[in-house]
Amino acid sequence: MPNQVIKKIKSSGMLGPIAALTVALFGGWSGAVMGWLLGTAAGFRSTQGKIIASPKMGAQIGAYAGLNLGVWFLVASLMEGLVIRPLSGQSPTNLLMPLLSGVVALGAATLAASLMAGLQGIPPGKKRRANQINLCFVALLFPFADAVAQTNWIATIIQILIFVMLALGLNITVGFAGLLDLGYAAFFAIGAYTTGLLSSPQLDLEWNFWLVLPIAAAVAALAGLILGTPTLRLRGDYLAIVTLGFGQIVPVLFRNLIAVRIDEPISKMMAAVFNRPELAICLVGCDRPLNLTGGEAGINPIGRPSLPILGEFQSSNYLPWYYLILVLVVLAYFAIGRLRNSRLGRSWAAIREDQLAASAMGINLVNTKLLAFAMGATFSGFAGAFYAAYISAIFPSVFDFSISVIILCMVILGGLGNMTGVILGATIIMAADRLYLPQLAQILKGFLNTAVLPNIANPQFRDFLAVSLDPLQMRLFLFGLTLVIMMIVRPEGLVPDATHKAEMHSSDAEAKKAIASAEG
Amino acid sequence: MKQWQQPILYLVAIYLVLLLGPIAGLDLPRIAGDIASNPQVLIQQILVGLVNGGIIAIIALGYTLVYGIIELINFAHGDLYMLGGFAALTVISSFGIQDGSSLVAALPAILLALVISCGLCAGLNMLTERFAYRPLRNAPRLAPLISAIGVSFIFQNLGLFWGGLKAFIPAMGANSAAPKSFPDLLPRINIIKALGIDSNISFTTKDLIVLIFAVALMVSLHLFVTYTRLGKAMRATAQNRDAARMMGIDVDWIIALTFLLGGSLAGAAGLMVGLYNNTIVFTMGFTAGLQAFTAAVLGGIGNIFGAMMGGVLIGLLSALSDQYLSSRWTNAWVFAVLVIILIFRPGGLLGENVQEKV
């Protein structure tokens, strides 16, 4: 039975429902922006597994897929304007507006899809480059579309990109090298705090962000080595608990390093023995204990990056931040892709599959494992540095265990080891959590307030309904349920890596094909 | 590593601990002075640690039972224990029992709460096993782990929801996320004083009851696993599932039974902690679960005695660290000790030595 469900989802694609949901929740011109983004995806999807002879043929296939998607937009747009708006107590509109925005969304989806699908018809040598250029075009122009359509998604997109970066980094440790890391947020914290300490008034160091960025990544990498060293000999679950412990210790550290004083122990002992206090050597915080991390209050304000022409990045202007994190993510994507196919990356795959065999083939297990932790940590160091500068304040409570778990879930939901999948996983989880759920909550609240609650006489029951039907209260529940269902229906993730998929369905015929293609 | 390098490495490590330890409260001369000037505090903290350790051990047993049989870190176990606490509070408060009610009057309610919270947790755990873990039994290790994390989130949210049911359960108070006060029912007669010893140490009947209850649970679990037919079947399934199946053991049922046992232990622990700490909150499952899980790993996960020992060790460590190091650093110290022990014994204290050859 589940197999049939999967086939159905695969054939229809999740794009249509996502499109409809977006328009139904956000209304307005959101369909146009989403039509552009999803249309590009639909165009690419529609050509997968087909032989596209020419750009024209691709464009035709893409246009069909885009139209298909556009119908979802149109219907949802009409639904939003005619049903959801009045019911949830928002200002009603006339028929023209939803129809117009639906048609625009349909047009955007069709155009984007046929463009993307048309590109697939280009001869193979240039196709890859054309695809990249098109995606860059979409990513670069997104903020303007967002501004024109007044959807105001850019702040959330920046958050999403931070998590994409983190998920890509964790994917190195867990997906490539197969080392389960349950404390990944610690490296994120270390990157952020390094930035916080080096470019804030906390220690009177206000270094330039561009200098601090690589330092933060290096410090995080060093922390990765430090974590890696004691865990080398540990097996699966013991490794998991030690990384979890590391993830717990680091926030405690940042929470409590508020009165640091370090004395040199040997001289202190001598001073005590000979009863001559002047012998004791004090190293740090002698006159008054050093407040290193600001405790619960965190570090604030943290210096922002600046560029020659643009000047200092402002918190009110999202554009430079968006491009900065975009550049970081793209660089990370290419770096990690190269890393995976390098000698080191192949060593990771080897120790993931069989450590003993890998070792027999002459792979240095110690170095390879340590580098997996260090490289994974590096990227979260970058993400942490960006995050600290972007928020301009950091607190220890941001880097809880739950963040580690959510990043891990992004990696696994997206598809362990597959970079596209990981990006998709991070985007879906973050967008659902930060974008769709709050909007859904708002609309549901409006709906309850206008249509349901006034009709309920019992005040206690009314309060109960108002509180308990808030989707934001059900965040964890929905997330947990998604995880469980995903694991049962599709344990290999949304976009599975061929070898991982083969492991997950070792008996399926489909998987045998996957193994064959992975080997071939 | 070369032979002569090892002692140098240890010396460097000791020097670093002496250098940096005082930041996190590890100031040996001060601690020695504290203990020498008032040794009664040390005994007091050991008693506190024992009682807390007993509770941690009960939760740790739930982790270790499940791990022993299907090698799954059941992340949801801590949250199950939290739900046990909520169930117990609901039952007890529905009898109109509040702070200061006499123990005799409250006893039937407490017993009923025990039955209901054990039953609820056992049922929930079995349901979880059936629908979230069983389909993944032959999947790679990561899949059931993620599933367990998902179930843990679901349980945590259920606890939050349960805490918001003030319309039906007045004891839940106004705010759904706020800690709930649990009626204080166990008598607090200081046994040390009652024995006629004059000291500042307090060890009340409340501590004793909780300790006895914890020990009784552990002993009966041990007896069950060692001496009954079902216990034998559990051990066989843990050793080799296929061989057990060939010997005519219904492996699915035995695994379900393990979850039932683990769940009822969680329910009992939930009631016990409610009665002992007199406060429950929906996030307590996470913290307690982490501690208990650490305890199980410390002792060697999958090993029942290891979980008991690990629980008591963690309890003692936390109590002593709260007193002599710094309560703000206790969490870090607990994990630091765990890491150090795992470096030297990668399979935990009592676990079989399963290390990667590096």
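Glycine residues also receive a Cβ, built from the backbone N, Cα and C atoms like all the rest.
Annotation comment: TrEMBL describes B:7-26 (among others) as transmembrane segment.
Per TrEMBL, the feature transmembrane segment maps to B:46-68 (among others). Here the transmembrane segment (B:46-68) has Cβ contacts under 8 Å with residues 74, 77-78, 80-81, 201, 203, 207, 210-211, 214-215, 217-218, 221, 238, 258-259, 261-263, 265-266, 268-269, 272-273, 276, 288-289, 291-293, 295-296, 299, 301-304, 306-320 of the same chain, all six or more residues outside its ends.
Residues or ranges marked as transmembrane segment by TrEMBL: B:80-97 (among others).
Per TrEMBL, transmembrane segment is recorded for B:103-124 (among others). A Cβ distance under 8 Å defines the sequence-distant neighbours of the transmembrane segment (B:103-124), meaning residues of its chain 6+ beyond its ends; these are 80-81, 83-85, 87-88, 91-92, 95, 97, 155, 183, 185-187, 259-261, 263-264, 266-268, 270-271, 275.
According to TrEMBL, the feature transmembrane segment maps to B:145-165 (among others).
For the transmembrane segment (B:208-230), the list of distant contacts is 50-51, 54-55, 57-58, 61, 186, 191, 254, 257, 261, 265, 268, 272, 275-276, 304-305, 308: same-chain residues at least six beyond its ends, Cβ to Cβ under 8 Å. Per TrEMBL, transmembrane segment is recorded for B:208-230 (among others).
Marked as transmembrane segment by TrEMBL: B:251-276 (among others).
For B:296-320 (among others), the entry in TrEMBL reads transmembrane segment. Residues 42, 45-46, 48-61, 63-65, 67-68, 71, 73, 218, 221-222, 225, 238, 330, 333-334, 337-338, 341-342, 347-352 of the same chain sit 6 or more residues outside the transmembrane segment (B:296-320) yet have a Cβ under 8 Å from a Cβ within it.
Under the heading transmembrane segment, TrEMBL lists B:332-351 (among others).
The transmembrane segment (B:80-97) is not in contact with the transmembrane segment (B:332-351), judged by fewer than 3 CB-CB distances under 8 Å for residue pairs 6 or more apart in sequence.
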